[in-house]
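Peer 1: Pasting in a structure now, in structure tokens, and then I'll have a few things to ask.
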């Protein structure tokens, strides 16, 4: 009889239970989940009486199941998750992991195996075994999916390199009596054959770095003085600009004068060689182009500055010449034009410091004087300023490292410091101090590791600031020469 009643109702009830004991129970309005959840309750004489309180009714109401919030279960803490099986060939598990995390939150990506592999609740050998949760930076399930701790790239897992250490003191100091404290002069240059040339008063001295030998190259007339020195790229010949406006060319190995060229009306304070042309800038505001293969003093004259020309540099490909003047202008010329192709007027003080990047074509750096104090970077293809930074003091010289993408600057008022910058971030690598006057002169060794600086304090200081090309390791505080102070003449 009972079985026929169960068949009529369509419900398969256990023995001893009838339809009257089965009813739908609705939560009270005061329940926080009343609008969202309903449960089916069963009352039966077989209910465990110990689960009901003394004040409860005779029939105890219990829910048949519990639906947890999986996002807060943290099942992976107890090892309930299947281990991740190897990714199939061609699969993109990183993409699936990121997608799940973005759609369902980071906890979802932690609790479910990637790409649907395995069942979250399938048993394994670690069932109910407590383990410590790891949330280190190397975890592939780190919340920072695209950060350095994501583990998706080999570079991210590599620890950051420590900053390169630059010695704070010079490894050698030379006395340079009569080294002039004049912003517009250029009296120090280092040749590709490792010979340093220095203009002191009316004389030019050569200092050989390999053996510290000092040679007197020339002595001008008593009423004249040296205003600029510049080696050719091969390092065999040296040009000298004088206070009377002459340009002299000397053989550095034989210590013999090759030629004297005129054309300037007053002092020649800056010189620049390319492969075959020598350019000279003067207080007379003109730039002269000299060619030693012809008999005339100069082959062309470039007129564009309104005041003394104090900065002059050829690009590494010999296509462009950059000139800076006391008129605050930075001009760029090419080989075929008598007029500048670019006039850059953002500087607010004299532009002496000029340097072309050896790492990127058409990248030019320039520095302004006391009223400007800025280093500016230019794209000479279109004349756009790429960046500028206020250094806080007069910029006297700029020079790019050929070994690494860094640039060194020397400064005058008011801090007299030497600064090494990382390009293009312009983060400071080092700040060096030691000169008591403006650091007006700068030259770099042939290997690109050492710089020499000169100042009105009549000293030349040698600093190890850049790494070598083959081994970019921190520069050691030991140089090629012994420590100490010697005289250059």
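Just so it is clear, glycine is given a Cβ too, placed from its N, Cα and C backbone atoms.
Whatever TrEMBL says is automated annotation, not expert-curated.
Keep in mind it's a predicted model, so treat the numbers as computed, not measured.
Residues or ranges marked as compositional bias 'Low complexity' in TrEMBL: 27-39. According to TrEMBL, the feature compositional bias 'Basic residues' maps to 162-171. Marked as domain 'CDC20/Fizzy WD40' by TrEMBL: 174-463. Annotated region 'Disordered' per TrEMBL: 1-39, 115-171, in sequence order. According to TrEMBL, the feature repeat 'WD' maps to 302-343, 344-388, 432-465.
Tell me about the surroundings of these features in the structure.
Peer 2: Counting only same-chain residues 6+ beyond the ends of the repeat 'WD' (302-343), those with a CB under 8 A from a CB of the stretch are 183-184, 269-275, 277, 279-283, 285-289, 349-356, 358, 361-362, 364, 366, 368, 372, 378, 380, 383.
Note on the repeat 'WD' (344-388): residues 183-184, 307, 310-317, 320, 322-332, 394-400, 402, 405, 407, 409, 412-413, 421, 423-424, 426 of its chain, located 6 or more positions outside it, place their CB under 8 angstroms from a CB of the stretch.
Regional average pLDDT for the repeat 'WD' (432-465) in the model is 97.
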Peer 1: Could you tell me how many residues in the repeat 'WD' (302-343) are helical, how many are strand and how many are coil under DSSP?
Peer 2: 0 helix, 21 strand, 21 coil
Peer 1: Go ahead and report the DSSP secondary structure tallies for the compositional bias 'Basic residues' (162-171): helix first, then strand, then coil.
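Peer 2: The counts are 0 helix, 0 strand, 10 coil.
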Peer 1: Per DSSP, what is the helix/strand/coil residue tally across the repeat 'WD' (344-388)?
Peer 2: 0 helix, 24 strand, 21 coil
